[in-house]
Structures are given as structure tokens and as C-alpha cells.
Amino acid sequence: MRQRDVRTWTILVSYFARVGSDGVVLELFKDMQNQGVVPNQFTLSSVLKCCSSLSELRIGKGVHGWILRNGITLDVVLENSLLDFYVKCKDLGSAKWLFELMEERNSVTWNILIGAHLNTGDVDKAVDMFRKLRIKDVTSWNIIIDGAMRNRFKRIALELLYEMVKHGTFLNEVTFSIALVLAASLLDLELGKQIHAAVFRMGIHVDDFIRNSLIDMYCKCGRMDLSLKVLEKMDMDFGRKENSIVEIISWSSIISGFVRNGQFEDAFKTFTSMIRKEIEVDRSIITSIISGCANCGVLVLGQQVHALFHKTGLKVDAHLGSSLIDMYAKCGNLDDAQMIFKQTSDRNVVLWTSMISGCAIHGQGREVVQKFESMISEGIKPNEVTFIGVLTACSHAGLIEEGCRYFRLMKEVYGFKPEVEHFTCMVDLYGRVGQLDEAKKFIHENGIHQMSAVWRSLLSSCRLHKDIQMAEWVCEKLLHLEPLDAGPYILLSNICTTKQRWEEAAEVRSLMQSRGVKKNPGQSWIEIKNQVHAFVVGDRSHPRKDEIYAYLDKLIKRLREIGYSSDTKNVMQDVEEEQGEMVLAFHSEKLAAAYGIISTSSQKPIRIMKNLRICNDCHNFMKYTSQLLGREIIVRDIRRFHHFKHGYCSCGEYW
């Protein structure tokens, strides 16, 4: 083109700004000036937009200076572009200065600065500015409600939403999406249903974004049935949008919802259905399924999902790597967890924390200490969760000096305020080594009397060391805090029966029954050929029950020949781990072990999960079975892992 006027240049600059070619825009701006063409307000707005996208504060300020030197008329559009530039480059001081100088301000002007205060977490200032805004459009309302919610001022966000409706402002699709996210974060199902009804009345329920927000809201409120209905309605109304972003997000929400609500089997079935329908599986879906496998100890499916991820060609980043480490560790395969850790190059605090926590639940205290020190030496700053893993490991391994040192380090060096999990670990650390008075002193010194978890930990230690006097005192504290929790009653009853104080044990049981307190039954499960088999004490529901009981009887007789004898103290008590009135031989973990032995080859480890802590008798049973049969047995109870091999347990009898 022989003649290029300002309009021609502006069209070209605006186009490249629109498609995100920010570097090209800045080059064109230089060429334009070199050729003596004076840019107009539209050209400059596009250039400033690119400066903010690139966070080029110096260049943007240069453009601002050029505008002032050349006497370019500053209309409200150009001033808003400058204001937006300073905000996005995090120069709030210059943004405020410019705002005060502006003679003309429209709703966009106010929205930019309100959003700036929200981004810095100053919700009070943002709300104050919002109140001063005379004409509040739908964008203004959306910005303030969304910003308050993002900053965890959920109740303020809810009040503003009600105020917006009362004000009579038209609610658009963005408003409803924000409102649904708010309902989900508040776990307010009734509010979510009201928003759903309003969406339906307005006819915008067909919007893909709204539907995905509805699915997510119902998932987070625990109504998976309603989220599935929304998904089914999408397919019925419009048919499948094969492998579209909308479809993938919908399925991802459903699967993560099942996992979040503990409906792992439904999550696995949904995932299998996705694969059969050839729906594209993304990183988010794989992470959710791996999390589900970790929670219920399904190793085989976890390995298959891991293999599927490799087939997709996606790279294992720190986030997915940490999920894989967590899965392998919680499924009892610490070697593979270590392998994933070593293979991941980008090791952030999340990845390190997953590896530390994995080693902790396997009782590898020294390994955790070594890894923590390596993490610090690599310049990675630990977080609160990292310290929970470290303190748990110290507790399980009896490393009292190290545990106390790391607790002080967390507070004094890293400035973290201890939460209930940290305090509980410390009480457990003192209690396990028999320093019950020290544990009691720790509770008083830290003013944590209101935390039932620390008293529960101390009561468990009283049982371990058979200190009935302190147990009674701790139990009183616990029953005052949580009168309907079965744990204190059961633990105190156990201690009484261990000391053969039968009448006191009976009184505790009678009190428990009179108050209507119920105990969760013990349950164990084992995965065989991609199917999970669950057992309860004395379970006779399994299709192969006759084989299981016949083999178990035969096995116990053989174990007695090499020294095993039942710990009969547990028969007379309702232990925390199992219903005491039932015969020890038929505890759930023994049934699961027997089924695993008769269903798998002798070379394959037997992996059992239990929802309560393994009892003394079952612990001895597993040791002798591993010795007699030469098989590795891995038991994950509610506290930790026990690896039984050649007659020994990895816990070293410290559990």
C-alpha cells in the first residue's frame, strides 16, 4: 500500500491485538511512529492492551508519556485503557492516581478499580467503592459478587446477590454461573435449586456453561442423582457433542463428584462407561480416578489408569505426579511411588509432600526425615501439610526428639500456626512412647482443651500403656466434648476389660446404650481381578463363604503348630477395631486374607484394607501366616500400613 493513514494502521494493530500477537503490535506501533503517522485513541488502546498482556510496565508507561507529550485527547475510553493497563501490571498506586485525575468516569472505570481491589484481597475497599457507584450495571454486580466469593467472603457475596435481585438488575448467564458456584461453595442445595428454577424460567438452561455449572453445583452439594439428570437432559435435548470441551468438562465434574462424595464404585463405573463411549479422557478426569483408587486401595485399576495416561501422550506434571505417588503409596506399593517421584523432574512442594506423607503412613520415619532435609536443601519451602506428614512419621517411628524439633521449626522458622492435625500428631508422639504426663502438659500449655482429636489420641495411648486412671479422666473430657462419639466409650471399656474390671466395662457399655451411641462395624476389603470384595466380622454373605471358612479353620490349626495363639482378651471386649462379642477367628481382615490366599497365586502379595485399626490378635495372625506360607501380606488400617513378611511386620511392633 502506497498510502497508509492512521485508520489503516489502526485496523492492522487492532487485528493483531485481537488475536493475541502482542509482540507484533508493539513492532507495528514503532513502525507507525517512524513513518510519522500519529496514532489515535483506538490505536493507543490496542497498544496498551498488549502492554498489559505482556506485563510490560516500562513500555506502557512510555506510551502514557508519549500521549501526554503529544497532547493526545484523553477521552474516557483511552483513560480506561490506561487504568486497566496499570491495574493488570499491578501498579495500583498509578491506577489510583489516574482514577482521581479522571474528569469523566463511567461504569467501566469503576469496575476496573473495584476489580483491582478485589484482586489484592481488599474486599472492604471494593465494596465501599461499589456502594459509591451511582449506576450499577450487571457487570458491576457480577464483579463484586464474584470477587467477594473468590476472597472467601461467601456470606457477603450471598447478601450482594440477594441485593442485586431486589435491586431489579437483569441477571445474565454470567450472573447465574457465579450464583451456582456460590451455592456450591456454601453447600446450599436449596439456593442451588432456586437458581436452577430461575435459569429454567428464563430459558437459559440450554446454555452449555450454565449446565456444567448446574452439574458441578449438584455434585458439590452431594446430589449426584440430580447432576446425572442434568447430564442426561443435555444428551437428550441436543445429542452428544462428541469430545467437545463441554462434554469432557461435564464428565469430569460427574467423576470428581462421585470421588468427592465417597461413591468410588460409581466413579469407576462412570469412568469405564466413558472409555466404552470413546469419550476423550483429560488430565482432570485421570487425576480424579487416581484419587478414587488411592482412597479405596484399588491398585490394579490405578495401574491401568496410569498406563492409559501414558497412551494419551500427556506428560506427568507435578500435580498428576503427586496424585500417582499418593495412589501407589495408599495402595501399599511404595516402590512405585518412589519411582514416580524420581522420574518427575519438576518437583514442587506438593510432590515432595505426597512422597513424605506416603513414607509416613508406611512407618518409614528415618526416610521421611531424610527426604524433608533434602527438600529444604533444594530450596523448596514446606507447607502446613508437609509438616503433618513429617510429624506423623516421627510419631509412628518414635522419633520424639526429631518431632519436637520439627514442631518448633514449623512455628518459629516458617511461621505456620499449628492446626488440630499438628497438635494431634504431637500428643500422639508423646503418648506412643509412654510420656502420658508430657502429652497432658502439652495440651494444657497450648490451650487446646476444646480439640476432641487430641484427647482421643491421648485416650488411645492410655489404652496402649494400660493407664486406666488417666483413661477415665481423659474419657470424661472427651464425653463432655462429643457425647455421641462411640470411640471414648469403646476405648475405656477395652481398658477396663484388659485389667479384668468387668463390672466397670459393663457400666460403660450400658451408658453407651442408654445414650443411643452406635459404633461403626469393622470392615475389610480386598481387590481380586478388578473386583473389590468386602467382609465384616463373621460375614457369611460371600459366594465362596464355605471355601473361605474351611480354609481359615485349616490355616489356624497349622498356625497353632508354629506358635500362634489367639489373644483371648479381645474376645471379651468390644474393641475399637472389631465387635468383641464375635469369635476372633472370624474377624473381617482374617476372612479377607483367607479369600486372598485361595484366590491368588503364591507369588502375589495380598493387599487388605480396613476401616478401623487392626487388633492385636489379627496382627499376630498376619505375622504367623506370612511366615508359614512365605507370602507377603500388606494391611492398610485407618492409621498406617503393616507389611507382613517372613513372620515380621514393618511396624516393628510399634503401632
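The chain as shown is numbered from 1 upward.
Using N, Cα and C of the backbone, Cβ positions are placed for all residues, glycine too.
TrEMBL has this to say about the protein:
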type	residues	note
REPEAT	5-39	repeat 'PPR'
REPEAT	106-140	repeat 'PPR'
REPEAT	207-237	repeat 'PPR'
REPEAT	247-281	repeat 'PPR'
REPEAT	348-382	repeat 'PPR'
DOMAIN	563-655	domain 'DYW'
Checklist entry - By DSSP, how many residues in the repeat 'PPR' (348-382) are helix, how many strand, and how many coil? => result 26 helix, 0 strand, 9 coil
Checklist outcome for this item: On the repeat 'PPR' (348-382), the mean of the pLDDT values is 94
Checklist entry - Can you tell me how the residues of the repeat 'PPR' (207-237) break down into helix, strand and coil by DSSP? => result 27 helix, 0 strand, 4 coil
Checklist entry - Per DSSP, what is the residue tally for the repeat 'PPR' (247-281) in helix, strand and coil? => result 27 helix, 0 strand, 8 coil
Item to check | DSSP-derived helix, strand and coil totals, residue by residue, for the repeat 'PPR' (106-140) | outcome: 26 helix, 0 strand, 9 coil
Next on the checklist: Treating G and I as helix alongside H, and B as strand alongside E, what does DSSP give for the repeat 'PPR' (5-39) in helix, strand and coil?
Outcome noted: 26 helix, 0 strand, 9 coil
